[in-house]
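J.: Quick paste of what Swiss-Prot says about this protein:
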ACT_SITE  Cys378  active site, nucleophile
ACT_SITE  His514  active site
ACT_SITE  Glu516  active site
BINDING   Ser13, Asp146, Ile147, Glu148, Lys186, Thr187, Lys188, Pro189, Thr190, Gln191, Lys222  CTP binding site
BINDING   Ser13, Lys186, Thr187, Lys188, Pro189, Thr190, Gln191, Lys222  UTP binding site
BINDING   Ser14, Leu15, Gly16, Lys17, Gly18, Ile19, Asp71, Lys238, Asp239, Ala240  ATP binding site
BINDING   Asp71, Glu139  Mg(2+) binding site
BINDING   Gly351, Leu379, Gly380, Met381, Gln382, Glu402, Arg469  L-glutamine binding site
DOMAIN    290-541  domain 'Glutamine amidotransferase type-1'
REGION    1-265  region 'Amidoligase domain'
Amino acid sequence: MTNYIFVTGGVVSSLGKGIAAASLAAILEARGLNVTMLKLDPYINVDPGTMSPIQHGEVFVTDDGAETDLDLGHYERFIRTRMTKRNNFTTGRVYEEVIKRERRGDYLGATIQVIPHITNEIKRRIIAGAEGVDVAIVEIGGTVGDIESQPFLEAIRQLGTEVGRDHAMYMHLTLVPYIAVSGEVKTKPTQHSVKELRSIGIQPDILVCRSENALPSNERSKIALFTNVADKAVISLKDANSIYKIPAALKAQGMDELVVQRFGLECPEADLTEWEQVLYAESNPVGEVTIGMVGKYVELPDAYKSVNEALKHAGLKNRLTVNIRYVDSQDIESKGEQILHGLDAILVPGGFGERGIEGKIAAAKYAREQKVPYLGICLGMQVAIIEFARNVAGMESANSSEFDPQTPYPVVGLITEWLDADGSTAQRSEASDLGGTMRLGSQLCHLIPGSKVHDLYGSAEIYERHRHRYEVNNNLRDKLEASGLKVTGLSTDKRLVEVIELGDHPWFVAGQFHPEFNSTPRDGHPLFEGFVKAAGEYYKNNN
């Protein structure tokens, strides 16, 4: 039977529930347990696919094509279980399903209510997502007290009762602020947060207290007394300069043992050797590089969370500290390419819309002409192709039909049909809805032997995740290749261009897919490793 750990948050948002939950999952996995994680988001959007990255951060894409919360990226970076569509759902998704069933007549004329119909659907989805594992860690988005979270909290209260105390635990994460003027930590916000949680019938079994510094034992005992939580179950989680230190910090306080004892699980001690190796590499770099991230959502780094992490992972593999300099592509348009001076490499990540596009094209041009290592991801590949078409292939005014429908050279256009990795044919048009209609999920890519990417991956066939509507226009592909563009990766049916390279450049690679979603701190990713290595070589040669 699956054991459940329900994770809630209190006092303020953005405390790191996802990191704390994923760190606990990493320890349990290191004890040989089969672990999965779920994220329940209270917002009414069906999924985050059409939400602004400035408001919500990155959209993380799973192998099976789900557009999900960025916390699922944390989950995959901390544990080896692959997330799927079942691991993330929203209020909007729940209501959509319940209303669909009501219209179909499944409820036999009943009056549809939050309790029991909405809460039952939430429970059904939790159970389905947790099927077949030893432990399922279920994170509830938002904070206790939010009106949007109430159906989810009621659902996990009911589910905890139904599976029984031996198979359910509640973990609550709160803030314990430090008041510098008085030199004291304040436990009252945590006490009130737990009081709020208990008022709806949930008694936390573990309290994780976020604070600037480690909590003194007397303060932990005080919190335990007023929240009815055992002393040993009040966990102090101080600020850390690396999220990959959190598993060891939680293990040192015996959090995993609390879980194992509660569920009566027999398993060996956690072996955190892999995480120790990650921390050693992070703490002992032999050099550093500065990589320019050219985008239009740079005011919120979480909009590029997986790319940021993938660069750090590649730095670990190369024993280099990767400093990321965020460059607003609109600043390149207004101030010129001098903004890019001093960079050891340039990365243009995915994105949508016309704003700032000419700045990204200028960044690709600068990288090509100055022989600066370049990695283009999704839109980053498309702007590289537009730049090459305009300035090398003689196609003046070349563009994507997304940005200029009247361009005489639409080198990038809407994909109207493609073959998915499972062999099914997908079709789209300009009239298709924005949400959930892109080429999504893991797709097979054929790499050309002898190419840089083939050498990096060490394989002729790879699987990478996609999230896009536009692709290279095959009608103009021959002209691009005749001018020196190398197409080194093709789709399942070998019709869509997936990877390009420049043969006369030390390191210029761009892919239509999102390799960042497959990068982890323990394993890295070959494309990012090669990119950061090239940045290190560029630094050596120019300093």
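Every residue gets a Cβ built from N, Cα and C, even glycine.
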J.: Which residues in the same chain, at least 6 apart in sequence, have a Cβ under 8 Å from the Cβ of Ser13 (CTP binding site)?
T.: Gly142, Thr143
J.: Which residues does His514 (active site) neighbour through Cβ under 8 Å, counting only same-chain ones at least six apart?
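T.: Counting only residues 6 or more apart in sequence, the Cβ neighbours of His514 (active site) under 8 Å are Val61, Ser306, Gly350, Ile377, Cys378, Glu464, Arg465, His466, Arg467.
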J.: Could you state, as a whole number of Å, the largest distance between Cα atoms of any two of Gly351, Leu379, Gly380, Met381, Gln382, Glu402, Arg469, the listed L-glutamine binders?
T.: 14
J.: So how far apart do the CTP binders Ser13, Asp146, Ile147, Glu148, Lys186, Thr187, Lys188, Pro189, Thr190, Gln191, Lys222 get, largest Cα to Cα in Å?
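T.: Farthest-apart Cα atoms in Ser13, Asp146, Ile147, Glu148, Lys186, Thr187, Lys188, Pro189, Thr190, Gln191, Lys222 are separated by 31 Å.
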J.: What is the interatomic distance between the Cα atoms of Asp239 (ATP binding site) and Pro189 (UTP binding site), given in whole Å?
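T.: Here the two Cα atoms are 18 Å apart.
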J.: Binding-site residues Gly16, Gly18, Gly380, Gln382: which have a Cα within 10 Å of Glu139 (Mg(2+) binding site)?
T.: Gly18
J.: Of all the recorded positions given, namely Thr187, Thr190, Leu379, Met381, Glu516, which is spatially nearest to Gly16 (ATP binding site) at the Cα level?
T.: Thr190
J.: For the L-glutamine site (Gly351, Leu379, Gly380, Met381, Gln382, Glu402, Arg469), what does the 8 A shell look like? I mean other same-chain residues with CB within 8 A of the CB centroid.
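T.: Along the chain, the qualifying residues are Gly350, Phe352, Cys378, Val383, Ser400, Val412, His468, Tyr470.
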